[in-house]
Amino acid sequence: MKKRVTIYTDGACSGNPGRGGWGALMMYGTVNRELSGYEPATTNNRMELTAAIEGLDALKEPCVVDLYSDSAYLVNALNQGWLKRWTTNNWTTSAKKSVENIDLWKKILKLVTLHQVTFHKVKGHSDNPFNNRCDELARQAIKNNS
C-alpha cells in the first residue's frame, strides 16, 4: 500500500520577473519536512510550479499525494484538463500561443504519472498555517539570497 503524503507549496517573486523563491511543506504521519529554494531571475508562476516539482521529487517512492497550492495556474492546469489539452495540441494553448514554462510542465507530467496526486486549491495569504509557512519559506529564500 502506498504511503499517503500531504504537500503544501508556494512560490514568491520579488518583481515579476525578478528574484524568486519557493517553499514546500511535506507531511507524512508525524513527520514534517520543509524544503525551499531560490532562482535569481524567474517569474511567480515558475516558482509555484517549481515548489510542486521539488515537493513531489523529494518523495523516495511512489505515494498517494494531496498537494495544496494557492496557485490557480497550477491547480487548474491539472484539475481542469489544461495540461492534457496542451500536450494533445503540441504545447499550444486554445488561443494558439505557445504554452509558457513547458520545461516545468513536462517535469510535473512525469511526477504525476509516478505518484497518485490530487491537487487542491487553497486561498493564499489567509488563515491556512501550512500555506502561510510555505510563503514564509519562499520569501526567506529570496531574502537569504539578496
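Placed from the backbone N, Cα and C atoms, the Cβ positions cover glycine too.
Per Swiss-Prot, these features apply:
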- Asp10, Asp135: Mg(2+) 2 binding site (BINDING)
- Asp10, Glu48, Asp70: Mg(2+) 1 binding site (BINDING)
- 1-143: domain 'RNase H type-1' (DOMAIN)
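Asp135 (Mg(2+) 2 binding site) is surrounded by 20 other CB atoms, counting those within 10 A of its CB over all protein chains shown. Listed in chain order, the extra residues whose Cβ falls within 8 Å of the Cβ center of the Mg(2+) 1 site residues Asp10, Glu48, Asp70 are Thr9, Gly11, Ala12, Met47, Ala51, Ser69, Ser71, Leu74, Gly124, Asn131, Cys134, Asp135, Ala138. For the binding-site residues Asp10, Glu48, Asp70, the greatest number of Cβ atoms within 10 Å around a candidate Cβ is found at Asp10. Cα spacing between Glu48 (Mg(2+) 1 binding site) and Asp10 (Mg(2+) 2 binding site): 5 Å, rounded to the nearest whole number. Per DSSP, the domain 'RNase H type-1' (1-143) is made up of 57 helix, 48 strand, 38 coil. In the predicted model, the domain 'RNase H type-1' (1-143) shows an average pLDDT of 97.
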